[in-house]
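Listed features, source TrEMBL:
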| type | residues | note |
| --- | --- | --- |
| BINDING | Gly195, Pro196, Ser197, Gly198, Ser199, Gly200, Lys201, Thr202 | ATP binding site |
| COILED | 528-562 | coiled coil |
| COMPBIAS | 477-493 | compositional bias 'Basic and acidic residues' |
| REGION | 1-41 | region 'Disordered' |
| REGION | 87-113 | region 'Disordered' |
| REGION | 470-504 | region 'Disordered' |
| REGION | 734-754 | region 'Disordered' |
Amino acid sequence: MENGSPVLCPNTVTVRRNPHRRARATPAAKTAESNPPSAISSFPLQEILAMEVPQNPKDNSSSSVQTPLSENLKVYLRVRPLQLKNLKKSGNPGDQNSRLGHVWPQNPQKKKVAKEKIVKKKSTEACITINDDHSVTVCPPMALQETRRSKSEVYEGFSHVFSTESSQGEVYERMVSPLVEDFLKGKSGMLTALGPSGSGKTHTIFGSPRVPGMVPLALQHIFRTESNDSRPSRSYYLSIFEIYSEKGKGEKMYDLSADGGELTMQQFTIKGLKEVLISNAGEAESLVACAIAKRATAITNANSTSSRSQCIINVRRVANPDEVDDASNCAILTIADLAGAEKEKRTGNQGTRLLEANFINNTSMVFGLCLRSLFEHQRNPKKPLQKHFQNSLLTKYLRGYLEGKKRMTLILTVKAGEEDYLDTTFLLRQASPYMKIKFNNVVEPSNTNKRQLPTLCTFEEQKRTKYSVPEPCVNEGKGHHEEGVLSHEEPSGHTECPATKSSRTELAGTERNHLIMQNFAKAIWQVLKQYRDKLKSAENENQTLQEEIRKEKMRYFELEKQWQSSRCSTCSMEDCAKADSSVVTSFELQRDLDEYRFNDVHEINLNSFIKVKESEGYESPERRGFSPCEDINSCSKLVEVKEARINKVDETTPRNESDTAKKLMYVEADDRSLTTNPIAFGTLQSHNLVKHDSCSSVELDKLSEQDEESTSVESPLQVASFIHCNAHACETQPLDSSLSQSTSEESDRDSGALHEDQELMAERLDSRHIPPTKDVESCQEHNIDVHCSDPSTDTSCKREKPKRRLLPASSTLLRDFSNMHVEDDIEASKQVNRNGKKSAKGEKIRTQGNISLIRMLKSNLRF
Ligand SMILES: Nc1ncnc2c1ncn2[C@@H]1O[C@H](COP(=O)(O)OP(=O)(O)OP(=O)(O)O)[C@@H](O)[C@H]1O
């Protein structure tokens, strides 16, 4: 615009007033996010089934065939040019429209007065700048910036902002044409102009013959469309009235049609309003022109012919009952030009200021308050919808729109002058939330057919009655051009055919079922969500617990390890210091066994096995480059070789020797159960290792080559060694009682088997007539003493050991050994300390040291 592009005030701060700040999340919502759900609410089955669906046939009939729409209230903004005279000079045909220039009939008495009183000096500065199609910036005049510290404000969110250069046609096409199209399709709608006095409401709504406004353009649109229709089957009725408010006299309503009089409102219904049947645009425009001429005007500060009333025009479309093949039935198009709010000059210290009370008394203000209340109610349903519409006849009449039940379009008109800053900002602030208003329950007829038409028509008429749209009483005899007299009574009841009633009943049932299923699905969904959340929290808990258990296991393992090592060191100090490697191996094995038990690590046993192998002189798998599996295989091979050896012995030895070998094989054969019973494996491995140890001095290949006699000679020593080692294995009982018991049982069993072996061996020796010697027995006793050196060992050690006789060669050596009277000084000193006195003379204390000597002797015997 040449003068519609106001210059921005310098050094201003832009404050965006739209959109409103978002509401913070409620504490409840935050809590729900952060805290896991405590309990799953019960399924509201009873509530769902007990749900009541409105059985109003009106609602049912409409909802089943119509789609509920949800759309925002459309708010347009139009900025009036600054200087109308300049526009006239510039030859803008669309804007030669001061009220005086109106070609439409004017109130003749006021016309002269208005001419004389237009003496106003307008500023050329603008306070409003159009940013884009949807926002404007309002800048306060310099005077206000200094005194009130006012700042520029941005208002946005408009459906469209019409600049000062926008023509009536442009406004119509963008804003009203869609409304009319909907109206022609059967959708009701309303256009309302709101703004300060002189801002162009009347100009926009009615315009002039040269620049027709929205009403004439809409009428032209309607009848143009109708004339293009090959089967014009609809009738249009027009009614126009005003609500005039005199100071101190309250509101009055006048019918602006010819011969129209004062109207009354009873229970939201206007009584006596005439509705004129119109058949073309010309007729309609004439009626409107006449109505405007009757409209009350007055001179105000802003407008010489200011509209002092709210003017409402209704165009009702009624389908011909015989031609009801579309949905364009019973729709009403309402266009309202509201009286402008004005500021008044008040003298005194306060100077000129906005008198809010004056605005509130104004019908336009009440209208605005109703919209505000609707917005707040929609934002927070707990906030009741204020019944502001009861404060004014206009808002009473438009109650359906102000409750959000019917679709409405709003156009705000403002003036761009600096002197209009307060009016402009006041209106824009008030209207900011309007564009957030939603029409959720707008129900429009659609997809109608001949059967449904009576229902829809009845529904629409009932709605119309409810919202005070008058019922026409057209005098058919007077023709289309004559006015009909609107009925003062409520619609006289529409009789419905039985088919319609049954159809409504069916629809009501279907609707109820549909709603029940919908709520049922929602409830199920909620419960499922709660279960899902619960499951998630349980899984998290489970993971945490598992982690704790794992940590506890690790800690237990560490403690166990420490305990074992401390115990081992104690044993080493007391008894194990001089024990051979098999004893140490036994400790390690026991420890590994415990580790296995608590950690389920099977490899530990395997490692123990490998360690023992190393202690026996075998190469470790790593050194040999074998895998543990290979080592196990080699062990199996060893067992097989030994079995072969035993078989060989069995062939060459008498029956009792074969039995002995079988007993030995018993231990070896258990090796094969390694993979099936880890604990038993540990125990048996101990035995096996002992036996291996006892055989360690004998190479397997040599074993196979040794003659029968040498085998028989070695056997008792092996047995003795086995017993000895087994006794030490018994010393290292695990903490676990079951394991200990298992080990003890195995020990007992092996010990018993070995005793039998010893007996068998002794018998075999007897059968060879080799007399036992005292030394041999003495040696055996030494062995037994060793087993029982620790009173805390397994009770199997206390068993009475069978006497046996050894071979002559070993007997001789052992006799020599016994004559040596080897004493363990350390043990002796310990005994002294323990008993407080030295042992009696001749009482020899023999300990593990003796066993080492025996082993030495044993090895000497072999070579
Ligand atoms: N967009 C416009 N272009 C040209 N002239 C305009 C425009 N808007 C308003 N006018 C002119 O401004 C004057 C005041 O306009 P109008 O009477 O429509 O204001 P109003 O808002 O209806 O005031 P009131 O509420 O007091 O009735 C009229 O002479 C009108 O022709």
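Cβ atoms are placed via backbone N, Cα and C, with glycine included.
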CB < 6 Å to ligand 1, subset of binding-site residues Pro196, Ser197, Ser199, Thr202, seq order -> Ser197, Ser199, Thr202
Minimal Cβ count within 10 Å, across the binding-site residues Ser197, Thr202, points to Ser197
The mean pLDDT across the coiled coil (528-562) is 92
The number of other Cβ atoms within 10 Å of the Cβ of Lys201 (ATP binding site), counted over all protein chains shown, is 30
Ser199 (ATP binding site) has its Cβ surrounded, within 10 angstroms, by a count of other Cβ atoms equal to 27
